[in-house]
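Asker: Annotated transmembrane segment per TrEMBL: 21-39, 59-78, 90-110, 116-136, 148-166, 178-198, 281-304, 319-341, 348-369, 381-408, 429-447, 453-472, in sequence order. Under the heading domain 'Major facilitator superfamily (MFS) profile', TrEMBL lists 25-475. TrEMBL lists 214-241 with the feature coiled coil.
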Amino acid sequence: MASDGLPEAVAPKMKKSNMKYASTCAVVASMASIVLGYDTGVMSGASLYIQKDLEITDVQVEILMGILSIYSIIGTLAAGRTSDWIGRRFTAIFAAFFFFAGALLMGFASGYTMLMLGRFVAGIGVGYAIVIAPVYTAEIAPASARGFLVSFTEVFINIGILLGYVSNYAFAGLPLHLGWRFMLGIGAVPSVVLALLVSGMPESPRWLVMKGRLADARVVLEKITDTSEEAEERLADIKTAAGIPDDLDGDVVVVPRKRGGEEKQVWRELILSPTPSMRRILVAALGVFLFQQLTGSDSVVLYSPRVFESAGLTGDHQLLAATCAMGVVKTLVILVAMFLLDRVGRRPLLLCSTGGMIVSLVGLATGLTVVDQNPDARIPWAVGLCVASVLAYVSFFSIGLGPVLGVYTTEIFPLRVRALGFAVGEAGNRLVSGAMSMTFLSLSSAITLGGTFFLYAGIAVLAWVFFFTYLPETRGRTLEEMGSLFGMTNTGAEAEDAAPATQDASCTARLLGASP
C-alpha cells in the first residue's frame, strides 16, 4: 500500500490496452446516468404540452416536474444495499428495467394519475442508476485516471439532457395529444441499450473481494492494471480495506463478519456513531451533494423554456431551440472538464465553477428583474444578458460542480461504507432537487423570477465558502489512501479513541485503519 507521503506524480501509468478496457467499462456503466439526464431534459419541454393537453395547474406541473426526484430516493436508498447484495453490475440492469417500465407508462398515460404512476416507477430506476454508475466506475478505475473515468457519469447525464431537448424539438410538431407522449415514451430505448451492454461488463473487483471471490477479483484487476505485480498490490490493499486478514488467501474465502450484522455495523460506522474522521467525510460529501442542488442547477434545466420566455423569447420552437443550444453548451463543456479533473484537480475546478455560477446567477437575476420591471418595452441588452447568463451558468456548472460531485463523493468514502455513503448523499441530493423543482414556480410568483435567482446566488456564495474551507484535494490518491486526508490512520488508533465503549471497537478500528 502506498504510504501517506507518496507524491502524486508516481501514480502508475497504465498500458494503453488496459486503459482502453477500464475506459470501456466506465463508459458502459456511466450510461446508466443517461436516464436521469433524458428525463430532466425532456420534461422541460414536454411539460408545456402536458399542461395544455391535460389542462393542469402550475402547482400540478411543479409536482409533476419535481416528484421524480422524490420518488428516486427510494431507489437511491435501496441501491446501496442492493449493490452490496447482488453486485454493481446486476444493480445497473435492475435500474434499466425500472426506467423502461416507467417510460412506457408515461408514454401511454391516459391522464395525470397514470402519468404520476409512470414517474414513480421511472423514479425508482433513476435512483438506482445515479448511485450505481459512479460507484462502479470509481471502484474499477485506476487512481491516475479516476477523475476522467468517473466524470463519464456527468457526461452521460448531459448527453441525456441534450437528447431530451432534441426529443422535445423533434416531436413538437405532432398533434398535442401525441407529441408529449412520444417525448416521454421514447425514453424506453436507452434503458434497453443499457441493459444489453451492462450484461457484458465485469463485476467491480472491490465488490468481488467483499464477497470473498479473490480469484475473480484478481482476473479483473489484471485487466485494469499495468502488471500482475501491481494487480497483487491492489488486491492486497482492497483485502485490507475489506477487513480480510493478509494471511487469508485462496480462490474463494470466507469474509469475516462483524458481530451484530454487517448492515447494522455499516450504518453505525457512517451515521449512528461515526468517528471524527468519518464524520468529516460524511459532512464533506453531503455538502457537495446538497449545494449542487441548492444553487438551482435542476431548476435552470427543468424550467429553462419558462426562463427564456420571461426573458423575452416567444414561440414554442424558439424556446425549444434555445434549450437545445443550452444542452449543446453543457455537453461540450463537460467534455472539457473530463480532461481537467486529473490535471487541475477537484478542488480548483469546484471553486472556479462555483465562483462563475455566482456571477452568472447575479447576471440572470439582474436581467430578469429589468425585463420584469419594463413589461411593455423590449430591452435587448437585458434579454441578451439573460440568455448569456443561462449559458454561462450551465457552462460553469458543467466544468466543476457537475462532474466533481460524482468523482469526489465516491472516492472519499472507505470501501465498506462507500455504497451506503453515496446512497445517503444522493438521497439528500434528490430530496433537495425535488423540493427546489416543486417550489420554483410558486417561489417565482412570491418573490419574482429575478428574486429567485438572487436567492440562488446567495446560496452559491455559502457553497463557495464551504468548499474553500472544508474540502481537501484528492487528485492522484488511490481509494485506499483517501482516509489520511480526513485524519484516519493506518493503526486505527483514531477509531479506537473515538469509540472505546463499543464491544467491537477493535473490528471498527481495523476497518478504518484499512483506508489511511
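Even glycines carry a Cβ here, placed using N, Cα and C.
Give me the local environment of each listed feature.
Answerer: For the transmembrane segment (90-110), the residues of the chain that approach it from at least six positions outside its boundaries are 29, 32, 35, 75, 79, 82-83, 117-129, 132-133, 136, 181-182, 184-188, 190-192, 194-195, 198-199, 201, judged by C-beta separation under 8 angstroms.
Counting only same-chain residues 6+ beyond the ends of the transmembrane segment (178-198), those with a CB under 8 A from a CB of the stretch are 28-29, 31-32, 34-35, 38-39, 42, 45-46, 49-50, 53, 89, 92-93, 95-97, 99-100, 103-104, 106-109, 118, 122, 125, 160, 163-164, 167-168, 171-172.
The average pLDDT computed for the coiled coil (214-241) is 82.
For the transmembrane segment (319-341), the list of distant contacts is 41, 44-45, 48, 147-148, 151-152, 154-155, 158-159, 161-162, 164-166, 168-169, 172, 301, 304-305, 308-309, 313, 349, 387, 390-391, 394-395, 397-400, 402-404, 407, 475: same-chain residues at least six beyond its ends, Cβ to Cβ under 8 Å.
Using a Cβ-Cβ cut-off under 8 Å and counting only residues 6 or more beyond its ends in the same chain, the transmembrane segment (453-472) has close neighbours at 283-284, 287-288, 291, 294-296, 299, 346-347, 350-351, 354-355, 357-358, 361-362, 364-365, 368, 408, 443, 447, 485-486.
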